[in-house]
Amino acid sequence: MPDMDRESDPGNNQHSNGGSHITSNGIIEAESKKMQLKRKAELLKTDLLRQFDSQVSDLMDSLLEESSSLERSSVSAAFSPPMSDKEKTKLGHFRPPHGEGKHFTNRRSLLDELFEVDHIRTIYHMFIALLILFILSTLVVDFIDEGRLVLDFDLLVYAFGQFPLVVCTWICMFLSVLLVPYTLFHLWSQSQAGSFGRPRLFSALLGSAFVLYQAVGLGLLPAYVVVTNSLPPASCFIIIIEQVRLMMKAYSFVRENVPKVLSWANDKTSPGPVIPQVSQYLYFLFAPTLIYRDKYPRNPVTRWSYVATKFLQVLGCLFYAYYVFVRLCIPQFRSISMQFFDLRAMVLCVFNSILPGVLVLLLAFFAFLHCWLNAFAEMLRFADRMFYKDWWNSTSFANYYRTWNVVVHDWLYYYIYKDFLLISQKRFRLAAMLFVFTISAVVHEYILAVCFGFFYPVLFCLFMFFGMMFNFILHDRRKGPIWNVIMWTALFLGQGVIICLYSQEWYAQRYCPLKEPSFLELITPRSWSCQRD
């Protein structure tokens with residue numbers, strides 16, 4: 001028996017080794033399947049979270065818009081003085097129909113919320129550190145070259161030259177916008193109420209007067225003042241941007257109130273049409289929005305320390321831009337020998353201009369869309385602070401266009417895009433989109449042409465060709481980090497092209513002036529033919 005047991009041991013050992021081998025293989029396969037399932041679960045979790053985040057974001061936006069009608073009664077008590085029954089009745093007439101207009105609600109600016117996070121605030125501190133380095137480098141270079149500290153800020157003094165004329169021009173524009181559109185609308189509403197005969201004739205005359213005022217009073221006269229007095233760039237930008245803003249405001253006031261009077265004329269539910277008060281129109285002219293409403297959600301108090309902080313940040317951004325131009329732009333373009341148009345030189349110029357271009361873009365966004373608009377919103381207790389969205393997270397240019405400047409986008413969307421579809425009975429959506437792009441491109445190029453003093457349609461071409469192309473290629477169905485990288489890369493290159501070509505043309509206009517240029521020479525870029533001796 002022992003011998004038999006000994007003889008059976010090898011078989012038993014072999015069988016047990018085989019079983020161990022099979023068991024170990026099974027364990028490995030199970031572990032492999034487990035890892036695969038775990039990876040699939042992680043991928044599924046990531047996709048579900050991304051979809052859930054997108055759906056929740058869309059749902060919250062829709063809920064915010066839909067809740068505005070419910071918030072009016074509660075918001076008025078919390079954010080504005082109490083309204084009488086008569087005012088509530090008027091507000092009911094003035095509320096836009098659901099889905100036909102922008103709904104305002106109480107919300108903070110996104111950066112104000114993000115700056116409460118330490119990690120995001122650190123990025124803000126990094127930009128401040130970079131500004132300090134710009135200042136130190138400028139002071140050190142000036143001290144080495146001049147033997148003393150140079151603090152004259154000659155570029156800022158030049159850019160904001162003839163400032164008293166700018167202030168006088170703005171006051172004239174503002175008073176005209178305050179008086180003319182309101183008076184014309186008041187007369188027209190009285191004609192619809194039967195105070196005058198022939199309401200159609202009065203509508204045609206007063207409508208023509210409003211269009212003439214927009215074209216001549218707000219259109220030609222401020223541009224004439226800028227051109228004839230040869231105002232420097234920053235002073236030009238103040239007048240021309242205010243010109244465009246006031247024209248958009250006046251149009252919004254008329255566009256929002258005319259349908260109300262026409263609706264009253266058809267129904268005659270009250271003794272007369274309800275006309276907005278002058279104080280409501282005056283508030284709208286200063287409010288940081290281009291969409292007129294008789295009432296806006298308002299905060300209970302004004303935080304003057306917040307206002308002072310925002311204006312100081314605007315001033316800081318102004319000096320930041322000054323040092324960007326002094327250290328990164330002027331030395332590069334002033335030292336360039338003006339030659340015939342050369343592709344290699346242009347490519348190098350574009351890539352060297354990307355850094356200052358991106359800094360100028362971010363400074364313009366932070367100074368105007370965040371600090372300036374929030375400062376005026378706080379002074380006016382204007383509660384809806386959504387002047388922009390998270391455009392930096394965009395994975396498509398379509399989303400970038402919607403979120404970069406919400407204030408202007410709302411005006412274009414409701415008064416150009418939707419009205420175009422209303423007139424065309426929603427049959428030409430592509431044409432409506434093209435029309436919006438064209439208007440935006442023309443206005444942007446008009447501002448630059450008048451302020452710089454030359455016609456060089458770089459921005460117009462970027463808008464109409466590359467902007468439209470990217471709008472269809474990088475559309476909303478493009479998701480994922482790689483598309484955000486592509487969006488930022490295209491944005492960087494675009495800023496480099498803008499800074500490079502406009503700076504070259506600026507110096508070419510001064511190095512190679514034409515005494516009696518023809519029309520063809522006026523519209524031909526001087527940098528293509530200018531050669532400095």
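Here the Cβ of each residue, glycine as well, is placed from N, Cα and C on the backbone.
Since the structure is predicted, the reported quantities are computational estimates derived from the model, not experimental observations.
For reference, TrEMBL has these:
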type     : residues : note
REGION   : 1-31     : region 'Disordered'
COMPBIAS : 10-26    : compositional bias 'Polar residues'
REGION   : 74-98    : region 'Disordered'
TRANSMEM : 123-144  : transmembrane segment
TRANSMEM : 156-180  : transmembrane segment
TRANSMEM : 201-225  : transmembrane segment
TRANSMEM : 304-325  : transmembrane segment
TRANSMEM : 345-373  : transmembrane segment
TRANSMEM : 428-448  : transmembrane segment
ACT_SITE : His444   : active site
TRANSMEM : 454-473  : transmembrane segment
TRANSMEM : 485-504  : transmembrane segment
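Highest Cβ contact count with the transmembrane segment (428-448) among the listed stretches 123-144, 156-180, 454-473, 485-504 falls to 454-473 (criterion: pairs under 8 Å).
For the transmembrane segment (304-325), same-chain residues at least 6 beyond its ends with a Cβ under 8 Å from one of its own Cβ atoms are 127, 131, 134-135, 138, 153, 155-156, 356, 359-360, 363, 366-368, 370-372, 374-375, 378-379. Over all protein chains present, the Cβ of His444 (active site) has 16 other Cβ atoms lying within 10 Å. At the 8 Å Cβ cutoff, the transmembrane segment (485-504) and the transmembrane segment (345-373) share at least 3 close pairs (sequence separation 6 or more) and count as touching. Contacts between the transmembrane segment (156-180) and the transmembrane segment (123-144): absent, as fewer than 3 C-beta pairs lie under 8 angstroms at sequence separation of six or more. The list of residues near the transmembrane segment (201-225) in space but at least 6 beyond its ends in sequence, with Cβ under 8 angstroms from a Cβ of it, reads 165, 169, 173, 176-177, 180-181, 184, 187-188, 191-192, 231, 239-240, 243, 246-247, 250-251, 254, 450.
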